[in-house]
């Protein structure tokens, strides 16, 4: 009964927001409708992820969720790169990374921690995630220092950007080999095996189909919602940097957000961490470098280099450090969530004032 | 017998240094008397803390000691803020943080470690302390980068300073909730419970009263001693930065210093760490933000923003990193004390040359 | 039989490369001969180290190897300092540190990890190494910030350089007291004791003599090889910074490289880590400060201060951070090797472009 109501709401809101978008309705109406729709589609994605996680284990489920979530972002960003909007792309990459590390992880730890005193997950995974996060920030930091300090020419800038992008993609692909093939068992979540309490609603195949469908719906509604934001930013006088790094990043990651938080509240904190950190690692090690390579293939006159601004690097750097510090023991509580959210608030306020 | 002698010395030296101060004696005489008096009152505070710690557990005892110690500093700093001496206040905040993290912790580990081969304390506490220290340094670092890089206006500077100050105070209050209420047991020191060897001299109530009395005495003698320093700095040609960050910080924290070291030498390293790290966290997360808010309430033409100088941020940042690295395993030895003291020596020498 | 062939090759190649060097043969011929010779002498050093490690334990064996390896470097660097080539000395110090932390450690973890799924070593050692690495980077970073930011005079620069150099040497000597005397057992590798499978070829005394002989041979061949590089750098148009930091550092550390990798492939990862990290700590905490003091004793008009360039500090800093992150759990696998090597590739490419 409750389920039927949910799916009716989901289809109605999705259809309405499609009609609003293509019918060029009033922007305020479009915004409200899409905002409600995103709650439904994100909830749907959460259900599908959880069902897949039941069959595939928390980690693979988390990985699938992160990948489907970022696929939508990657497609939107490719269109922005094609139009040469490099600064907005970098701002939204920054926003996605800090949004996942601070907002998603923070809310998961806080809400999960209010329900369960301590939540634990595989410490080996926490350690490897930490090392990968360090590599990601270092790989963004090193070119920025060299290119600025040594006054590299455009060609040297391009060469270094291509080299670092290729190295990061290689790291990401080898990480998949390591975590999904050679050391799969070492990183698995023991908690998972003991956790068969809840029976999933769908079969294995249906779950996977539902995950794909839900992701596509999230991608569409996110795009429609982002489309309405432009008008709003002008009304409220927000800077493009703030909109790119906070508004677009929050809305664009709604799927990961709701899925991770729902899992945390069901004491599956391992899957929540996998979604949040996995997603930010995927953006830093895969999405960002792919966009750099794409920009070089597409544009003949200009390209997107790997040099982020000092405030973007600062935001990513401090987020990685605090997330690494909070995560390193593989155990979480509500106060660790507070710490992450407080830093997100500081960064949000600072970006807002820029 | 030994006890009686000590209390006679305490009262005589306290009285003498009060008479010297209010009677405007020769500055050199005042300095020598106050310096001897501070040894007695600090020793008294150490005894009182230890006695309270016996009843309250090492952690609460440490927290009380840190709070009483910093109350004196806060009061002195408020007077400095009122007079608009913002640079000296920031220098003494810097000095208190690095003094606690490097000098107090370093001496505790070294002297404790020379007596006991390895000393251990609750690893969960070490981890949470580490995350809080990272938040503190990040919260000081982020505004400095944004305000300098983006050339914020005075109003934006003020807004960001207020916002970050409020967030830090909120973090500190929630930390008290977490560590004293919701997760009290998780952070408790098991060592404590087994440690009833020494019978305390005072009852529970007397111990608390003694703690308050001792703190007040330390506050007075510290202030009298600080008062004599001005003359000395002119004689020896020391910079205000050096005096603020090293001399004032060392004298002003004499209480924590002696209490922590005495506890370490009695193998109560958990309480020593709680005093040293708790005190520096309290300064970064509570005292500093309160002073910023106070400066905005008091002054109409100017205010103390949250932007520390690059060398202050460097000093705090490197101290946090090495203290975090040394503390993260919840076990200490003499060499870890050496590392902390050596960094303190490097920073002291660098500040001296400025 | 196999052994006899090896020693014949060793002596022939060593003799040939000596004759080539002193006979002023064609530079290309000298380069090829020395490059082959270095493979043999490094292999010899590896065998000798392993034999000594059998008698002395993995840690002491690793320490001896690191010391003998760096003795050669120290001697070469003293000649460079005497000629006033301070920038090349700093570049080669930088290169040695990152070469040990990223290349040697990375290859050890990767090749060891391809053979053994997980390799473990004493976690206490990993923690102390981490703290020492933090101290080393901090001690290089602090003077750079103070001297640049506060515009120190030449005299202040000299004083601070001497003070920091003396403090680092004191830290290093106390570390030897700690790790070899007072806490020897705590840092020992339990794995070692259980590992008597392979019988060594030489007696205890012969092993030590062989270690000394091998180190001397490596020092000579390294120098002859370095000597030929100058011609090559001009042919290939490489910058002095790149040659100093990468070519000289790789060739000059050939001994540690081969020894560490051979030990890793025999599952003695504890000794491999000790060689790589021990060697880089020795360079940062002992070789670099000694060279600063030597430069001040030798030169009357100029001296080598402790201020490294921003890109050198960046390279050392990021290497320390990722090495610390990868090492902190005392367990290694092939992917951790990949991470270290990838960062080495990024830094190598960036230095190449400078």
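Even glycines carry a Cβ here, placed using N, Cα and C.
Values in this document were obtained by computation on a predicted structure and should not be read as measured data.
The domain 'Sodium/calcium exchanger membrane region' annotation in TrEMBL covers C:29-180 (among others).
Cβ atoms under 8 Å from those of the transmembrane segment (C:30-48) belong to residues 6, 9-10, 13-14, 16-17, 20-21, 65, 68-69, 201, 207, 210-211, 213-215, 217-218, 221-222, 224-225, 227-229, 232, 251, 254-255, 257-259, 262-263 of the same chain, restricted to positions at least 6 beyond its ends. Taken from TrEMBL, the feature transmembrane segment applies to C:30-48 (among others).
Look at TrEMBL and you will find C:60-81 (among others) tagged as transmembrane segment.
A Cβ distance under 8 Å defines the sequence-distant neighbours of the transmembrane segment (C:93-114), meaning residues of its chain 6+ beyond its ends; these are 73, 77, 133, 244-246, 248-250, 252-253, 256-257, 260-261, 263-265, 267, 269, 272-273, 275-277, 279-280, 283-284, 287-288, 291, 308, 312, 315-316, 319-320, 322-323, 326-327, 332-341, 343-344, 347. According to TrEMBL, the feature transmembrane segment maps to C:93-114 (among others).
As annotated by TrEMBL, transmembrane segment applies to C:126-147 (among others).
The transmembrane segment annotation in TrEMBL covers C:159-181 (among others). Remote same-chain residues near the transmembrane segment (C:159-181) are listed as 59-60, 63, 128, 132, 135-136, 139, 142-143, 146-147, 152, 187, 281-282, 284-286, 288-290, 292-293, 296, 303-307 (criterion: CB distance under 8 Å, separation of at least six residues from the stretch ends).
Residues 14, 17-18, 34, 37-38, 41-42, 44-45, 47-49, 51-52, 54-55, 64-65, 68-69, 71-72, 75, 254-255 of the same chain sit 6 or more residues outside the transmembrane segment (C:202-221) yet have a Cβ under 8 Å from a Cβ within it. Residues annotated as transmembrane segment in TrEMBL: C:202-221 (among others).
Residues or ranges marked as domain 'Sodium/calcium exchanger membrane region' in TrEMBL: C:207-350 (among others).
The feature transmembrane segment is assigned by TrEMBL to C:241-263 (among others). Long-range neighbours of the transmembrane segment (C:241-263) within the same chain, counting only residues 6 or more positions beyond its ends whose Cβ lies under 8 Å from a Cβ of the stretch, are 38-39, 41-43, 45-46, 49-50, 53, 58, 65-66, 68-69, 72-73, 76, 87-88, 91-92, 94-96, 98-100, 103-105, 107-108, 111-112, 214-215, 218, 222, 225-226, 229, 233, 269, 271-272, 275-276, 279, 312, 315, 348, 351-352, 354.
Sequence annotations record features per position, and here TrEMBL assigns transmembrane segment to C:275-297 (among others).
The feature transmembrane segment is assigned by TrEMBL to C:303-322 (among others). Same-chain residues lying 6 or more positions outside the transmembrane segment (C:303-322) and placing a CB less than 8 Å from one of its CB atoms are 81, 86, 89-91, 94, 97-98, 101-102, 133-134, 136-137, 140-141, 143-144, 147-148, 157-158, 160-161, 164-165, 245, 284, 288-289, 291-292, 295-296, 339-340, 343, 347, 350-351, 354.
Remote same-chain residues near the transmembrane segment (C:334-353) are listed as 98-99, 101-103, 105-114, 238-239, 241-242, 245-246, 311, 315, 318-319, 322-323, 326 (criterion: CB distance under 8 Å, separation of at least six residues from the stretch ends). Per TrEMBL, transmembrane segment is recorded for C:334-353 (among others).
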Legend entry - Same-chain residues near the transmembrane segment (C:126-147), Cβ under 8 Å, at least 6 residues beyond its ends: 101, 156-157, 160-161, 164, 167-168, 171, 175, 179, 187, 273, 277-278, 280-281, 284-285, 288, 305-308, 310, 313, 316-317, 320, 323-324, 327-330
Inset, instruction - By DSSP assignment, list the helix, strand and coil residue numbers for the domain 'Sodium/calcium exchanger membrane region' (C:207-350), in that order. - result: 120 helix, 2 strand, 22 coil
